[in-house]
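According to Swiss-Prot, the features are:
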- Asp50: active site (ACT_SITE)
- Glu122: active site (ACT_SITE)
- Glu46, Asp119, Glu122: Mg(2+) binding site (BINDING)
- 6-133: domain 'RNase III' (DOMAIN)
- 160-229: domain 'DRBM' (DOMAIN)
Amino acid sequence: MNRYTLKEIEENLGVFFNNHTLLKTALTHSSFGNQFKDAEYNERLEFLGDSVLQLCITEYLFNNYKHKTEGELTKIRSLIVCENSLYEIAKKINLGSYIRMSKGEEITGGRERISIQADAVEAIIAAVYLDKGIGFVRDFILLHFEEIINKAINNEIVLDFKTKLQELLQKDGEVVIQYELTKFEGPPHRRKFFTNVVIDKKLMGEGSGYSKKEAEQNAAKQALDILEGKHE
């Protein structure tokens, strides 16, 4: 990773680091560390970044939404501090193209993997915190998460269970995921849709909702719950 690449990343982030080693580490996946033994990878920074992000978002919500209950604030925070939101940030700054990883990881789709990009965002937050301090990283987080915060407050975030399901299944190789509309009922202005999700010709989830998209998301969520339960 040369200094021109680092400058490009810094411009995308809106942060210019004093310690570029922190930025390099934040962008280094563990697979790269396994391939190049001297490389420090980003898992420890990710651990710290998660806590920094939680603190800054919690503090912001606490100070700015005094009419919200603890339960409401917790729900809002869970929509902001989650893998899907982190992935949205990663996409905006084209983070996937800068992450250092092994050739094997890249060949199997690692550069597009949601979890890898989300983890890298948390690692970058930690790197900014260590390099610039809590005041700077607070402003950095609020700048990049502003749109997501507003959507969470206005209840406009739809959890993308379909993408998460695809991400989970990609770990085991190529699979065929199909969403099948089985029926709908109710008047046109309040129609309810029912959908199955079929994975490699096997029924794995059922969902319903007042749009086809909502029904598919709920079917994907049920499939995720089943699959993640099997992995425990």
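Keep in mind that glycine also has a Cβ here, set from the backbone N, Cα and C atoms.
From a predicted model like this one, the values you see are computed outputs, not experimental measurements.
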Note to self: Just to verify a number: CA distance, Glu122 (active site) to Glu46 (Mg(2+) binding site), in angstrom, no decimals.
What the structure shows: 5
Notebook entry, point to check: Per 10 Å Cβ neighbour count, which of the recorded positions Glu46, Asp50, Asp119 ranks highest?
Noted result: Asp119
Margin query: List the residues in the vicinity of the Mg(2+) site, defined as same-chain residues other than Glu46, Asp119, Glu122 with C-beta within 8 angstroms of the site's C-beta centre.
Written below: Asn42, Glu43, Leu45, Phe47, Gly49, Asp50, Leu86, Ala118, Ala120, Val121, Ala123, Ala126
Margin query: Mean pLDDT for the domain 'RNase III' (6-133), rounded to an integer?
Written below: 92
Note to self: Just to verify a number: CA distance, Asp50 (active site) to Asp119 (Mg(2+) binding site), in angstrom, no decimals.
What the structure shows: 9
